[in-house]
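Over in Swiss-Prot, the protein carries these features:
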type	residues	note
BINDING	Asp484, Asp490	Mg(2+) binding site
DOMAIN	550-609	domain 'KH'
DOMAIN	626-688	domain 'S1 motif'
Amino acid sequence: MDFITINSSNKTEEFALKQVAKQATSSLLYRLGKTIILASVCVEREPVSEDFLPLVVQFLEKSYAAGKIPGGFVKREGRAQDFEILTSRLIDRTLRPLFPKDYRYPTQITLMVLSHDIENDLQVSALNAASAALFLAHIAPIKSVSACRIARMDNEFIINPSASLLNQSSLDLFVSGTKESLNMIEMRSLGQKLNALEEPLMLEALELAQKSLEETCTLYEEIFTPHQNELFFKESQGIVFNERLLDLLKNQYFDEIIKGIESSALSERENVFNEIARKISEAHSEFSLEEIELSLEKVKKTEIRRMIIKDKIRPDKRALEEVRPILIESDLLPMAHSSILFTRGQTQSLVVGVLGTDNDAQTHESLEHKAPIKERFMFHYNFPPFCVGEASSIGAASRRELGHGNLAKRALETSIKNKEQVIRLVSEILESNGSSSMASVCAGSLALYASGVEIYDLVAGVAMGMVSEGQDHAILSDISGLEDAEGDMDFKIAGNLEGITAMQMDTKMSGIKLEILYQALLQAKEARKHILKIMHEAKEKIVINFSHLPTTEIFNVAPDKIVEIIGQGGRVIKEIVEKFEVKIDLNKPSGEVKIMGNKERVLKTKEFILNYLHSLDQELEQYAIDEVLEAQVKRIVDFGAFLSLPKGGEGLLRKQNMDKCQVVLKEGDSIRCRVISFNKGKIALDLA
């Protein structure tokens, strides 16, 4: 068993090697303060035949890690929570580009949170633990990576802030990479205001992150290298292509290949290339279908990259900085509170907005918070198979759908002025040819406005790409699905004219240099300006139907009157809600009553509640202290009996008053009683 301590970037990390889970390919216990994570890597010895990297990353939270028992009926951890899925994706997106292109061995990386102090950053800790475990496993020649988080307070950047400091920050920037370059970025603005970050400041933050990663990765490699396993997989020389087949494709089928490249729809493009492969297979039996498809893919990819880098033209004939045509339509769905159809090229997002009450907020339990938290702004992204012409069933939300919805939410969240408002936006992707998450951001921002939600500014999103060959590279604005698939970078950036509110960067390379990222940021700003101009023009044409939108009426009553509004077993409040078709939130300590729904119904509900309480007060005013009454037993409870009074209303005869007279009552009995007090709107009775 080996213990390793590493001090870097404002934190002290401890690694216990060969202590637990020793049957895994590699395992370690990672410790940062009171946070402990078990990281393990397991590799199967037989490769898969399919052409993909069979990597699975699972980040798992255990309730006992924070001294909790799972909430709900089943007291056991169930399906993964959103935070676990998003963190798993974050780690996967960091590590996947590091593997050799022809690595085909099923690999599972598991991160299990065993203990957690809420002040420590779980995502940074989990990624660093995964990186160390993978580096020690030595399953392939993989570089060491690490992560850091950057916050901003009082115009100063902070590396790896505590949770309490991050809550006060205007920036949340998560960066991972090697000591040479960055390979994954997640960013969002924080705070009560929009807090969009300007591009030069973003570069400054990324430079700070790169220095932190360089320091940590250098230490990791120096300290962990002596503890590595024997190298399992040595990168091969790659696929050896048949030159005769490549010449055949270039000379006889080149025009058809270009036709396929220029096809805008994925299904249409696949049909063209499948037809080419079929023709060659029938005419040249000496080539296998697999060999033909691999060679066809190589020629296609080479030509796409040549077009972009050398000719400065894209497969759909756009210039490198050109954004596809945009069409925006509003108010398509009469019963929703807002609906926006945003079409950019062959990508189409229908975002629907609905406003709700506090009861509609999503409640989450997690290790990052001591108590359950309410998510008041929800953004759900759906990617049905028909949007790319596929025939398959629609199931539960995928990891990708959760990730895209989370990105759109982070882009728009700070643009909302009233953070207490409960809002749900749903993006239905009806057509997709790249950048669907950024189309969701654009449509979502307009949907907020169309719902009558007060926003600081419109927010637009654009996906940037890059193609590189040697020392040459080209940055692409508003990438299509083909450019995403064949390119080297997917850099999604959202913001307004002032700066950036959210971004996400992934790469297929081992990393991206800062100067390329900054060029992409500046080019994205120009694309955003163009998109925002069209969005502002569309905004001017939106007519907000305030009569259809739900309104909220808030008023106060005496706190002791809240129980009267609720009624026995919730009977009164249920009747009010059903009668007026509204939503009601009640606050017992303050006496606040919040009614939400159609404006006319809300006002009628308020009037009804006030009249109802007034009638109860009038009933009390009919009685006097020491007045003797003939009452009837209405119901028996543990602490006494409720009696129906002759002039209306009811009073409580407590059990101790019945016991001292040795009286046994049953429902329906008549009894003489005396009014002894009025307490919080209730009449207290004694036997006369």
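Glycine residues also receive a Cβ, built from the backbone N, Cα and C atoms like all the rest.
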Per residue, counting other C-beta atoms within 10 angstroms of the C-beta, which of the binding-site residues Asp484, Asp490 reaches the highest number?
Asp490
For Asp484 (Mg(2+) binding site), which DSSP three-state class applies?
helix
For the domain 'S1 motif' (626-688), what does DSSP give as the number of helix, strand and coil residues?
6 helix, 36 strand, 21 coil
